[in-house]
Amino acid sequence: MVKEASVPLTGQASSTKETQPALPAIGNVAEKCPKCKEILYRRDLEKNLKVCSRCNYHFKLTAHERIALLVDQGSFSEQDADIISVDPLQFRVQPPSHPDQRTYAEKLQAERQKAGLNEGVVIGHATIETHPLALAVMDFHFMGGSMGSGVGEKITRAIEIGIERKIPVLIASTSGGARMQEGLYSLMQMAKTSAALAKLGEAGLPYFSLLTDPTTGGVSASFAMLGDVILAEPGALICFTGPRVIEQFMHIKLPEGTVNSEFALQHGMIDAVVHRRDLRQTLAQLLHLYSK
Ligand SMILES: [Zn+2]
């Protein structure tokens, strides 16, 4: 149902592409931990799944890095990789004196080249320890993982893959929220993805939601928080409005540690905080449990 509704806003994708998850690229020799400021050798960091060995800070992963981390090697088949957002509002930054006067369409083009992706989410199907599942993995490196019509359409299609193939669905979220350049079209994706998840539920299929740093705004207010089981990586920012925005607009400072995974767990919003090295095993156990 949702497929047809979205066609005017997204480039049509008919192809099905078999792709292997890319391994993390090794560039510079070292990287500084943003939390504890430790200098970490990139090689050690990669070996440690991009988790700081000193303070346990979980660095952001690209969508393909996360897929490689979670699923059985060679099992991932990417779908609808050529779906893209269009520029329905002819969005331009205001005021005219702003240094970045690119249109949204031009910005999208630049983001595609920078991130090496057509949109801020990668979808497909794969197996985890031989259990099949449909998955959508968001990528913060593409416009801050913001949800526009392209992202919403792809998330919806990932859920529909689950319904069609009668397999569970996993969505790994990371997002700064709805994409303001598409205005109302972005907000509509909240209802669209939630409606698709309701259909998945009616079909009796489980939905696992994985929250990674950061999961905020329209994504946290829709599909990210609708999981039958909701997992989060340690220390991830999880909220609707980020603490910096609250401070700017309301002039109040939130107490330390009130917008992270651990706080969400303490207050019953999520089911577990899982270290990155245990994610694959935890998901395998859940898939096994729900297959009974
Ligand atoms: Zn650290």
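Cβ coordinates come from backbone N, Cα and C, glycine included.
Those TrEMBL annotations? Automatic predictions, nothing curated.
Record features, source TrEMBL:
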type	residues	note
REGION	1-20	region 'Disordered'
COMPBIAS	9-19	compositional bias 'Polar residues'
DOMAIN	29-292	domain 'CoA carboxyltransferase N-terminal'
ZN_FING	33-55	zinc finger
BINDING	Cys33, Cys36, Cys52, Cys55	Zn(2+) binding site
Neighbour count (Cβ, 10 Å) for Cys36 (Zn(2+) binding site):
12
Shell of the Zn(2+) site beyond Cys33, Cys36, Cys52, Cys55, same chain only (C-beta within 8 angstroms of their C-beta centre):
Pro34, Lys35, Lys37, Glu38, Leu40, Ser53, Arg54, Asn56, Tyr57
When neighbour density is defined as the number of other C-beta atoms within 10 angstroms of a residue's C-beta, which of the binding-site residues Cys33, Cys52, Cys55 has the lowest density?
Cys55
Would you identify the secondary structure of Cys36 (Zn(2+) binding site) according to DSSP, in three states?
coil
